Amino acid sequence: MLASASRERPGYTAGVAAPDLLDPKSAAQNSKPRLSFSSKPTVLASRVESDSAINVMKWKTVSTIFLVVVLYLIIGATVFKALEQPQEISQRTTIVIQKQTFIAQHACVNSTELDELIQQIVAAINAGIIPLGNSSNQVSHWDLGSSFFFAGTVITTIGFGNISPRTEGGKIFCIIYALLGIPLFGFLLAGVGDQLGTIFGKGIAKVEDTFIKWNVSQTKIRIISTIIFILFGCVLFVALPAVIFKHIEGWSALDAIYFVVITLTTIGFGDYVAGGSDIEYLDFYKPVVWFWILVGLAYFAAVLSMIGDWLRVISKKTKEEVGEFRAHAAEWTANVTAEFKETRRRLSVEIYDKFQRATSVKRKLSAELAGNHNQELTPCRRTLSVNHLTSEREVLPPLLKAESIYLNGLTPHCAGEDIAVIENMK
């Protein structure tokens, strides 16, 4: 079907291809340009080609996106370097000065022993141990609540990095546990995201029904409902948890919001971790934090899914509109070309007709002038113009009379002819 359609209507979807109006045959048969506009343009590309174009990204597009990402990384690296490197240099200088001051004030401690102590402290911090105070007020990072929270960070792929397995058995079990737990959590996240999407969808439907009663356009309703959905989710999963973390952990408002966003986007730097401070927590605090992470990730997944659906719809509509625009553009181009050719043909015909009429008039006038000239200027009826100087006039013979015509400066044999003489004196 598509092949036959493309053979019948190549180029564009007009009913009849625009004829070449400068061609004598077509010009004779088509006195006017044949314009045709189809109400529903047909996209000539096959469905298989369009599907493959949608499903498979071209290398040119991939290369362009790759260059954009690299440029984005370079910009980010430049900004982070400008913001963070001066602070790093300042802290390094401060530590060196403090070490020198400590060694100067404590002669019994040499620099080698102090460096060994610092290395042990750094290793303890990397292991998740805060070497402050004595052993009586130290909180274990591997109690049941902390272990539950760590297992949750494994299967959610957040991986804060503040604690990690140190034994060989723990590392082996973590590998197997992650390979099995991550897909399982993916199914759970999808299910929770669908349920949240359904709940929010019902709420959005009620909001849309309310706006429909107020005669608000569908586009504005969709925009308003989307903004409400995003704002409600941000308040429930970002603002409210940030306030709770600020109060419990003793963080600033910026640090609390920073932790929430870094966690729910699964970045998980580990510089701020809920339940990681050296304070007394409730036993159910860390499990509750993990359930908040679960629901928050599901919300973000629902938002991303909704955005993806919108982008697909917009992309589909855009492709259809582009196809229709191309079809109309091709048809318009053909029609304009046909009209231009017809205009040029008409101008050529008019110019040719005027030229022919001018030529005919010229020939007619030339024929008439030639006839009058032959009739008037016969050998017996000539008009002679004789120019004389004053001195020459005196030398010339007197006028000869031939009937009523006088000759001046002519030979005598012309006296018998009817010749008109005009004397121009200089």
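Each Cβ is built from the backbone N, Cα and C atoms, and glycine gets one as well.
Feature annotations, courtesy of Swiss-Prot:
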{"type": "REGION", "residues": "1-36", "note": "region 'Disordered'"}
{"type": "COMPBIAS", "residues": "1-10", "note": "compositional bias 'Basic and acidic residues'"}
{"type": "REGION", "residues": "17-38", "note": "region 'Important for GNG4 binding and L-glutamate release in astrocytes'"}
{"type": "COMPBIAS", "residues": "27-36", "note": "compositional bias 'Polar residues'"}
{"type": "REGION", "residues": "51-61", "note": "region 'Important for GNG4 binding and L-glutamate release in astrocytes'"}
{"type": "TRANSMEM", "residues": "62-82", "note": "transmembrane segment"}
{"type": "INTRAMEM", "residues": "144-170", "note": "intramembrane segment"}
{"type": "REGION", "residues": "157-162", "note": "region 'Selectivity filter 1'"}
{"type": "BINDING", "residues": "T157, T266", "note": "K(+) 4 binding site"}
{"type": "BINDING", "residues": "T157, I158, T266, I267", "note": "K(+) 1 binding site"}
{"type": "BINDING", "residues": "I158, G159, I267, G268", "note": "K(+) 2 binding site"}
{"type": "TRANSMEM", "residues": "172-192", "note": "transmembrane segment"}
{"type": "TRANSMEM", "residues": "223-243", "note": "transmembrane segment"}
{"type": "INTRAMEM", "residues": "253-283", "note": "intramembrane segment"}
{"type": "REGION", "residues": "266-271", "note": "region 'Selectivity filter 2'"}
{"type": "TRANSMEM", "residues": "288-308", "note": "transmembrane segment"}
{"type": "REGION", "residues": "313-326", "note": "region 'Interaction with AKAP5'"}
{"type": "REGION", "residues": "337-385", "note": "region 'Essential for chloroform and halothane sensitivity'"}
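Here the features listed in Swiss-Prot are painted onto the structure.
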residue	record	Cβ within 10 Å
T157	K(+) 4 binding site	14
I158	K(+) 1 binding site	22
G159	K(+) 2 binding site	16
T266	K(+) 4 binding site	14
I267	K(+) 1 binding site	12
G268	K(+) 2 binding site	21
For a three-state summary based on DSSP, what are the helix, strand and coil counts in the region 'Selectivity filter 2' (266-271)?
0 helix, 0 strand, 6 coil
Between the Cα atoms of T266 (K(+) 4 binding site) and I158 (K(+) 1 binding site), what distance do you get, rounded to the nearest Å?
5
For I158 (K(+) 1 binding site), what is the secondary structure by DSSP, using just helix, strand and coil?
coil
How big is the gap, in Å, between the Cα of I158 (K(+) 1 binding site) and that of G268 (K(+) 2 binding site), rounded to a whole number?
5
With Cβ-Cβ distances below 8 Å as the criterion, list the same-chain residues six or more beyond the ends of the intramembrane segment (144-170) that contact it, or say none.
127-128, 177-178, 181-182, 184-185, 263, 266-270, 273, 275-276, 281, 283-287, 289-290, 293-294, 297
I want the residues beyond T157, I158, T266, I267 whose C-beta is within 8 angstroms of the mean position of the K(+) 1 site's C-beta atoms, in chain order.
T153, T156, G159, T263, T265, G268
Compute the mean position of the Cβ atoms of I158, G159, I267, G268, which form the recorded K(+) 2 site, and then list in sequence order the other residues of that chain whose Cβ is within 8 Å of it.
T153, T156, T157, F160, G161, I262, T263, T266, F269, G270
Tell me, roughly as an integer, the mean pLDDT over the region 'Interaction with AKAP5' (313-326).
71
